[in-house]
Amino acid sequence: MTTFDEILEEAGKFGPYQRRIFAMLCLSSIPFAGVYVGIVFQGFTPDHWCRDSAVVEMRQTCSWSLADSRRLTVPVVNVSGGLQQSSCEQYDVDWNTTTLGCDTQELDLSITPTTACKDGWEYDYKGRQSFVTEFDLVCSDAWLVDMYQATLNVGYLVGSIAIGYLADRFGRKMSFLMSNVMNGIAGILVAVAPNYVSLLVFRTLYGFGVKGGWMSGYVLITEIVGVEYRRTVGVIYQMFFSIGILFLPLLAYFITDWRWLQVVITVPYILFLSYYWFIPESPRWLLSQKKKSKAVEITEAMAKENKMTLSKNIETLRDDNAESCTASFMDLIRTPKMRKHTFILSYNWFTSAVVYQGLIMRLGILGGNVYVDFLVSGLVEFPAALLILVTIERFGRRIPFASANIVAGAACFITAFIPDSMFWFKTAVACIGRLGITMAFEMVVFVNTELYPTFVRNLGVSVCSTLCDVGGIVAPFLLYRLAVIWLELPLIIFGFLAFVAGGLVLLLPETKGVPLPETIDDIEFPETVKEKAALRSQQLADLLPNDSISTNKEPAAV
């Protein structure tokens, strides 16, 4: 019997066939960025103040500036130790009954009573429109902006589980395509939502399909390449998300209406439906479903495009996981080391999501040029993939993983206490934090797979990564509500979370050069793995002089 990994030796582990499919699937990571952090632009909250219809009419009649009419409308209040014009209160004056002319320079309103905004708000947004300005989600309704991101992550949470099941039941290719059908429909519905309640409902459906489809693409590409290429293609697949991060501020700058920006982000998902004719089903999945003939057909096409020749071993192709055990959630927590791994990895998924999303969304509330700030911070994500690929083979997994979290935490703490007058220094330190958490986020994916035995590996990654979506639900509330108290307070929380995550990673075992565990005993008693390997090597050495048949076998097959 021949496994698919053995056949890949003949068909090509990462030839033109796999590179073509890899390039196509990487494109699906680009719009994912627009969905994931598009709130920075679609939900941007510009400078705003109470609207007084009478003052607006007087401004037009008397040719007042915005500053003049704003002075007559809103009081000056103390915010975080400084004086600024209120965004949520106005003077309680009926301007329609006053006999004042256009000259109001001498008017003293300091003792005038105030009240909450009555006629809505005016926005200093220069012809642009976000859903915040369209639905007036400011002041007492500002918390509803948090729901825009939270509902997306609820969709991620449910969708990743549901579509993960569908991918195992109906195939990677079909789940990828069906996800894109849902993405196209839900994305357009978000763009035409008539009110904010329907917007949140459609946004949840959007999240349901987007992450599940992205995961299906990730699984598909890692299943058709050789084992030694899986980590590299996985990291690069995630790197294309960073390319999407760079495209997003450029699109948002030229597309001034959040609804049209939503349409542009959604269009690629509709185009991805054409992949039906260009990408194959996973041969590994086909073998697991006893569809050997179709798996052989795809493998032969792979070998042909790669200009490789298959031997008769293809006739004995079988599912290399056919005899695996059935996994359950209790397997993840029943024994001490498995329980420790599950807790630490789950916490790291949670922390990566909170800090990563928090740092990105924070750009929208800093008051600078959000387009330039977003672009600059996005550029620092690219070295992350290179640093991972260079350091994990030299220093192992644990030290780079822990260091990335600790650097991110330290950068958050330091940034919080750097004065605004040192703008470029503060920006540079913040970018280092962004680089660190990006590395941590990308590393938790494959470290997770290396710390669970084969039969429970997929379940372990699925369970732990659900904390990523929980973190995404929490992140907007942590950021936006705490920033009201003190703008830098969220950074203190992010720094604490990342420091703890880095410390916990140091409690994990090093996996560099260690064979992937096959059983729970391999996790609980790691020394037995080395003993087994040594025993098998000794048995092979004892057999070779006496067994001529053994001399024809590859060591990997023993």
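Here the Cβ of each residue, glycine as well, is placed from N, Cα and C on the backbone.
Distant neighbours of the transmembrane segment (21-44): 125, 128, 130-132, 137, 145, 148-149, 152, 176, 187, 206-207, 210-211, 213-214, 217-218, 220-221, 224-225, 233, 236-245, 247-249, 251-252, 258, 261-262, 264-266, 268-269, 272, 275, 278-280, 357, 360-361, 363-364, 370, 374, 476; these residues of the same chain sit at least 6 beyond its ends, with a Cβ under 8 Å from one of its Cβ atoms. Annotation source TrEMBL lists transmembrane segment at 21-44 (among others).
Regional average pLDDT for the domain 'Major facilitator superfamily (MFS) profile' (94-513) in the model is 88. Sequence annotations record features per position, and here TrEMBL assigns domain 'Major facilitator superfamily (MFS) profile' to 94-513.
The transmembrane segment annotation in TrEMBL covers 147-167 (among others).
Annotation source TrEMBL lists transmembrane segment at 174-194 (among others).
Listed by sequence, the residues of this chain that lie at least six past the ends of the transmembrane segment (200-221) yet keep a Cβ under 8 A from its Cβ atoms are 18, 21-22, 25, 28-29, 32, 35, 147-148, 151-156, 158-160, 162-164, 166-167, 172-173, 175-176, 179-183, 186-187, 189-190, 193, 233-234, 237, 269, 279, 282, 469. Residues or ranges marked as transmembrane segment in TrEMBL: 200-221 (among others).
Same-chain residues lying 6 or more positions outside the transmembrane segment (233-254) and placing a CB less than 8 Å from one of its CB atoms are 14, 22, 25-27, 29-34, 36-38, 40-41, 217-218, 221-222, 225, 261, 264-265, 370-372, 374-375, 378-379, 381-382, 384-385, 388-389, 438, 442, 445-446. Sequence annotations record features per position, and here TrEMBL assigns transmembrane segment to 233-254 (among others).
Among the features that TrEMBL reports, transmembrane segment is placed at 260-279 (among others). Proximity of distant same-chain residues to the transmembrane segment (260-279), defined by a Cβ-Cβ separation under 8 Å and at least 6 residues beyond the stretch ends, is recorded for 21, 24-25, 27-28, 30-31, 34-35, 38, 41-42, 173, 176-177, 180-181, 183-184, 187-188, 190-191, 210, 213, 220, 251-252.
Summarising the annotation, TrEMBL assigns transmembrane segment to 344-365 (among others).
What TrEMBL lists as transmembrane segment is 371-392 (among others). Among residues of the same chain six or more beyond the transmembrane segment (371-392), those with a C-beta under 8 A of the stretch's C-beta atoms are 40-41, 232, 235-236, 238-239, 242, 245-246, 248-250, 252-253, 359-360, 363, 399-400, 427, 430-432, 434-435, 438-439, 442-443, 512.
Sequence-distant contacts of the transmembrane segment (399-418) (same chain, six or more residues past either end, CB-CB distance under 8 Å): 348, 351, 355, 359, 387-388, 391-392, 425-426, 429-430, 432-437, 439-440, 443-444, 447, 488-489, 491-492, 494-499, 501-503, 505-506, 508. Marked as transmembrane segment by TrEMBL: 399-418 (among others).
Below 8 angstroms of C-beta separation, residues 231, 234-235, 238, 242, 345, 348-349, 351-353, 355-356, 359-360, 373, 376-377, 380-381, 383-385, 387-388, 392, 397, 400-401, 403-412, 414-415, 418, 461, 494, 498, 501, 508, 511 of the same chain, each at least six residues beyond the ends of the transmembrane segment (424-447), sit close to that stretch. Taken from TrEMBL, the feature transmembrane segment covers 424-447 (among others).
Taken from TrEMBL, the feature transmembrane segment applies to 459-479 (among others).
Same-chain neighbours of the transmembrane segment (485-508): 80, 340-341, 344, 347-348, 351-352, 354-355, 358-359, 362, 365-366, 398, 401-406, 408-413, 415-417, 433, 436-437, 440, 447, 451, 478-479, counting only residues six or more beyond its ends whose CB sits under 8 Å from a CB of the stretch. Annotated transmembrane segment per TrEMBL: 485-508 (among others), in sequence order.
Of the recorded ranges 174-194, 344-365, 459-479, the transmembrane segment (147-167) has the largest number of C-beta contacts under 8 angstroms with 459-479.
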